[in-house]
Amino acid sequence: MSSVETRNSFNPFRVLFDLGSYGWLHPSRLLLLEIPFVFAIISKVPYTEIDWIAYMEQVNSFLLGERDYKSLVGCTGPLVYPGGHVFLYTLLYYLTDGGTNIVRAQYIFAFVYWITTAIVGYLFKIVRAPFYIYVLLILSKRLHSIFILRLFNDGFNSLFSSLFILSSCKKKWVRASILLSVACSVKMSSLLYVPAYLVLLLQILGPKKTWMHIFVIIIVQILFSIPFLAYFWSYWTQAFDFGRAFDYKWTVNWRFIPRSIFESTSFSTSILFLHVALLVAFTCKHWNKLSRATPFAMVNSMLTLKPLPKLQLATPNFIFTALATSNLIGILCARSLHYQFYAWFAWYSPYLCYQASFPAPIVIGLWMLQEYAWNVFPSTKLSSLIAVCVPLITILKLYTSDYRKP
């Protein structure tokens with residue numbers, strides 16, 4: 001066999017584990033295999049009703065003229081999501097015959113899942129992640145369930161979040177800020193990206209433009225709140241309730257601690273402190289590499305409008321890793337996680353394990369443990385311990401390692 005033939009021959013190991021060596025097994029082709037699989041899920045696996053009816057009842061009240069968030073009530077209670085959620089599910093209300101055509105809704109969510117998976121695959125290609133990372137992504141049982149069998153708004157939130165990350169990696173900053181705010185208008189979980197995003201904006205664009213982007217994010221939120229301005233306080237306290245109590249019954253991540261600790265103020269204060277400490281630590285060691293500025297210097301730059309020094313350019317790999325890490329830190333320190341929240345971070349966790357310089361077998365093993373933990377229902381002490389330990393191990397390794405460079 002000639003040397004040319006050897007170079008051009010298909011090597012499955014190289015395709016799976018080499019940087020950017022996707023060959024003919026490109027993510028777009030792999031996505032085609034998802035189509036019959038998704039059809040099979042919809043036709044063979046029973047749909048599980050959790051929040052869809054409540055969403056439709058709340059939308060129906062909105063369409064009948066109710067604008068007080070505390071009075072937009074469904075079978076599971078009052079509406080607790082921002083205006084973007086209302087507009088989105090109003091559209092779904094019309095597309096699904098008032099919410100009665102569940103199968104049509106499932107196909108819509110399947111399409112959202114497919115598009116989100118394609119976007120993440122494109123992101124992986126941009127940062128030259130090995131192909132096995134993408135294979136792990138589409139094998140996730142829980143992600144398929146969240147989108148296709150549960151119809152949670154977390155699916156649309158992850159779609160807009162993925163578009164936000166993609167726009168950031170392409171340095172389309174205005175588009176990124178708008179998409180981040182749109183994602184937050186569906187579910188405020190996307191606020192977890194904000195710390196790293198602001199650090200990136202400040203170092204890349206300077207303080208004046210960073211303030212401009214903050215105003216863009218706020219303006220988008222105000223636009224979504226316009227229909228509810230007559231009940232201003234009701235809207236903002238319901239849609240962005242940071243003091244919301246969580247039921248120990250549904251926690252995925254803290255089952256291994258006693259209920260008394262879970263419900264205590266000291267516990268919530270402790271994990272909030274840990275959250276802030278980790279954000280500061282990553283800012284000091286990793287996210288500030290573009291300027292080598294301290295957090296105090298960054299705050300001073302924002303207040304005085306004096307730009308930070310620019311020591312190096314931001315690569316897509318650096319931007320992607322910083323944003324995904326900021327999000328994962330929030331997941332680790334979350335007051336409580338429910339099963340649908342898996343869509344907030346599962347797309348990027350294998351890539352972060354890879355970025356933490358774990359070898360492929362460890363990356364795959366951590367992903368398998370994570371999938372196990374998030375597919376145990378109800379959660380157990382073991383599954384919740386795993387659900388906390390996997391992001392903890394990933395974050396600690398990310399902190400102590402230098403990011404891979406494609």
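Even glycines carry a Cβ here, placed using N, Cα and C.
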The annotated transmembrane segment range in Swiss-Prot, which must be one of 156-176, 261-281: 261-281
Listed range which Swiss-Prot flags as transmembrane segment, given the options 30-50, 72-92: 72-92
When counting Cβ pairs under 8 Å to the transmembrane segment (214-234), the leader among 72-92, 107-127, 186-206, 261-281, 376-396: 72-92
Positions on the same chain near the transmembrane segment (107-127), where near means CB under 8 A and six or more residues out: 20, 22, 27-28, 30-31, 34-35, 38, 41-42, 92, 95-96, 133-134, 137-138, 143-144, 147-148, 151, 155-156, 158-159, 162-163, 165-166, 169, 316-317, 320, 347-348, 351, 406
Winner by Cβ pairs under 8 Å against the transmembrane segment (129-149), considering only 186-206, 313-333, 349-369: 349-369
Chain residues in Cβ proximity to the transmembrane segment (261-281) (below 8 Å; excluding those fewer than six residues from its ends, i.e. six or more beyond): 195, 248, 251, 254, 295, 326, 329-330, 332-336, 395, 399
Same-chain residue ranges lying at least 6 outside the transmembrane segment (376-396) that approach it to Cβ under 8 Å: 249, 251-256, 278, 325, 328-329, 331-332, 337, 339, 345, 349, 352-353, 356, 366, 369-370
